[in-house]
Amino acid sequence: MKLKQRVVLLAILLVIFIFTKVFLIDNLDTSAANREDQRAFHRMMASLHVELDPRLDHTLQSPWEIAAQWVVPREVYPEETPELGAVMHAMTTKKIVKADVGYKGTQLKALLILEGGQKVVFKPKRYARDYIVEGEPYAGYDRHNAEVAAFHLDRILGFRRAPLVVGRFVNLRTEIKPVATEQLLGTFMTVGNNTCFYGKCYYCRETEPACADGDIMEGSVTLWLPDVWPLQKHRHPWGRTYREGKLARWEYDESYCDAVKKTSPYDSGPRLLDIIDTAIFDYLIGNADRHHYESFQDDEGASMLILLDNAKSFGNPALDERSILAPLYQCCIIRVSTWNRLNYLKNGVLKSALKTAMSHDPISPVLSDPHLDALDQRLLSILATVKQCTDQFGPDVVLVEDRMTLSHL
């Protein structure tokens, strides 16, 4: 072989070697990340079923102290929570020492103080499990069981951004009325043989009370976040106008996401990816009512978008409101870890996992079968939407690595 040919051959081999090495390193990094996502998924699946057990490993701490210590800027509770069952058991059994009208809002709720000083939000049952809420996707009363289901979906997706929720039965006559404030007590009434109340809120009406079955009322209790973590409210960039004939900008401007990316806190940090995670979460549960959202105060965009107030969900299993996914299909980006988790949950795994996670709850069955079936169908729509994005822009643009250290964290 001539010298020139040998030089050319060596050059070709060198190029092949370099590209192969780069390719292998890239794939090793990707594989390592994917393996960690897979391990996290298996850990989640192994801990799905939570027994409501009062025993605590940390005997010198109350369940409320344990739950308060869990909260950090990027999660409400950690991945591994052996005390979760004890905290939820306390939420559903601890004595109610005070009851008041709920914090201001549009929907009926009560603020309860449990023994030990822990605040929880009580949302009463308004619908039977198989009731279909017709009309707009945000129509109807709050659904207490939706809060329970949404919390467990948050666990399954690995977000850990939703406050703890558990179902609870309360006796309005013996547990609530004796400790109720005058403001709340003034909204109690008897309808037939049932004790009812209508509370204080924007849409609360004496003509539309929530009624117990006799004195026993089914509801959900949501754990109040620690006061040391004050919340800041933000207008959701993809919020609706709620006015007939008036569209929000994102509903007609195809380049809307480009404008969002230029505004704080979406121009840096994790907030825009949180918005997209939340759109996926809301689409799965059928929640088209997230016009605002909360984060921790003074966070400069670094803390998570907290998944509060999920009760306008699971209203109509036959309605898939695609506009909820607008942040995803307009921005065409998604966290790699979210993408991996969604793929692990296809082929019926999501439905099965959620059913298992909710099976321990005092108000089980939490959802009807049509709602569980709808989750699997909506998951397929999300996966198809991401595929459309990757077909158009390529996976390197769409799939965003989310393990980088953010400078302001």
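From the backbone N, Cα and C atoms, a Cβ is placed for every residue, glycine too.
Note that the structure is a prediction, hence the values are computed from the model and not measured.
As recorded in TrEMBL, the features of this protein are as follows:
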- Gln107, Lys123, Thr222, Leu223, Trp224, Leu225, Glu294, Asp309: ATP binding site (BINDING)
- Asp142, Asp309: Mn(2+) binding site (BINDING)
- 188-397: domain 'FAM20 C-terminal' (DOMAIN)
- Asp289: active site (ACT_SITE)
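For the binding-site residues shown (Gln107, Thr222), fewest C-beta neighbours within 10 angstroms: Gln107. For Leu225 (ATP binding site), the Cβ neighbour count at a 10 Å cut-off comes to 20, with all displayed protein chains included. Sequence-distant neighbours of Trp224 (ATP binding site) (same chain, 6+ apart, CB under 8 A from its CB) are Gln118, Lys119, Val120, Val121, Pro163. Counting Cβ atoms from all protein chains shown, Leu223 (ATP binding site) has 25 others lying within 10 Å of its own Cβ. Looking at the domain 'FAM20 C-terminal' (188-397) alone, the prediction's average pLDDT is 95. Of all the recorded positions in the list Lys123, Thr222, Asp289, the shortest Cα-Cα distance to Asp142 (Mn(2+) binding site) is found for Lys123. Here the binding-site residues are Glu294, Asp309, and the one ringed by the most other CB atoms within 10 angstroms is Asp309.
Among the residues Gln107, Lys123, Thr222, Leu223, Trp224, Leu225, Glu294, Asp309 said to bind ATP, no two Cα atoms are farther apart than 20 Å. A sphere of 10 angstroms centred on the C-beta of Asp142 (Mn(2+) binding site) encloses 26 other C-beta atoms.
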